[in-house]
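Student: Encoded as structure tokens, here's the structure I'll be asking about.
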């Protein structure tokens, strides 16, 4: 972090603005809105600053900058087109440990101005640390569209009710849940519609019925890239009191969870169940009965080889309200990022998803059906059983030279795609980083032509594996 983002109280503080042109006028508008006692040093003032001076909104020292003008000053801005003068202002202010900003000269700044979204008393500040001001402006424009104009009014009402809520709800968790419900519910809608009295009545009713009920949200985290987490998924994990997450959830997605939420890893890996499913079920019920918002965060989609349905059955049996937020499953996300279309008119007319967590004999899968041509087979958690899968498919008629791909860390910056043939599947799987997805079918060869993300060089096995299942 190059800069510490802070909000500075300027009401009643002396601020010196050196410069009298249009740029200085824009800074003056911002400073006066923040309540600063503004002093301007310039030989002449532009029309806007002249009007403010005549209205008594600022003091004007007509003439050149003098170091003694810094006496008693809290903050300084140099906004002239004279570089030598700007550098002098910076030097004199810096010697006195006074915060100083030289417009469009980051080297001579002890602080910089962010892009601002003003929904007072709510303020959003966006900065690129001076590296990309246009990018910061574009981010601000996107956020402006997302944040309702009623946000400030909502915050003012909340401020008025804050002490009353604090007296009624003694724990921080209760208060947080109360306000989250208010800001996401009918209260917010009424404020947005300008129905302020009705909005306050809604708050009063909510406060009278403030007994907290726990709930469960089953959320799909997607395959790894945090940009593939759904908007609803992001909203839910940022409201959670407790997040029970799997190993497959990427660290980038975990970073999006609200900082004061309890994060508990209940992940299971092949051959190593660090937390049993029974213990996970117990934790869901335990925390929800404490009135907490519990998020069960699973890699990919929670209903595809994630045991999400079993966990919802437990919640339903315990009388715990729940919701499901789908996620982009690895078979969709990882193959897209690898440049492997799951269907193609010339190569594949159907898709089958299977899990590699199968018994050694492999009797539970319909291998003859899986071995048919002109289809794409995607195997989750198949690294350990890659040799068995390859053997069974070849045994039941799939050609040894069928193209395959193993996608390790799909959609993440460290993504690797290894391609080869079905006969080489075990060796490819052993080389790929975890988590890995196995793709069998002619579409795998299209990676060479339309790979677009991350490491596009292809690792390919040249010698076939020799596996004896006799």
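Backbone N, Cα and C atoms are what each Cβ position is placed from, and that goes for glycine too.
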Student: With 223, 299, 300, 301, 304, 329, 330, 381 listed by Swiss-Prot as binding S-adenosyl-L-methionine, identify the candidate in 194, 408, 410 belonging to that site.
Tutor: 410
Student: List the Cα distance (Å, whole number) between residue 410 (S-adenosyl-L-methionine binding site) and residue 22 (NAD(+) binding site).
Tutor: 51
Student: If you count other CB atoms within 10 A of each CB, which of 22, 44, 246 wins among these recorded positions?
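Tutor: Sorting the candidates by Cβ neighbours within 10 Å, the top entry is 246.
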Student: Among 223, 299, 300, 301, 304, 329, 330, 381, 410, listed as contacts of S-adenosyl-L-methionine, what is the widest Cα spread in Å, to the nearest whole number?
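Tutor: Value for the max Cα separation, rounded to a whole number: 17 Å.
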Student: Looking at the recorded positions 23, 44, 246, 268, 300, which has the shortest Cα distance to residue 128 (phosphoserine)?
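Tutor: That would be 23, the closest of 23, 44, 246, 268, 300 to residue 128 (phosphoserine).
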Student: Using the CB centroid of 22, 23, 43, 44 as the NAD(+) site centre, which other residues of the same chain sit with their CB within 8 A?
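Tutor: For the NAD(+) site the neighbour list reads 19, 20, 21, 24, 25, 42, 45, 46, 49, 80.
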Student: So of all those recorded positions, 23, 43, 44, 246, which one's Cα sits nearest to residue 330 (S-adenosyl-L-methionine binding site)?
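Tutor: Of the recorded positions 23, 43, 44, 246, 246 has its Cα closest to that of residue 330 (S-adenosyl-L-methionine binding site).
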Student: I'd like the Cβ neighbour count for residue 268 (active site, proton donor), meaning other Cβ atoms within 10 Å of its Cβ, all protein chains included.
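Tutor: Around the Cβ of residue 268 (active site, proton donor), 16 other Cβ atoms lie within 10 Å.
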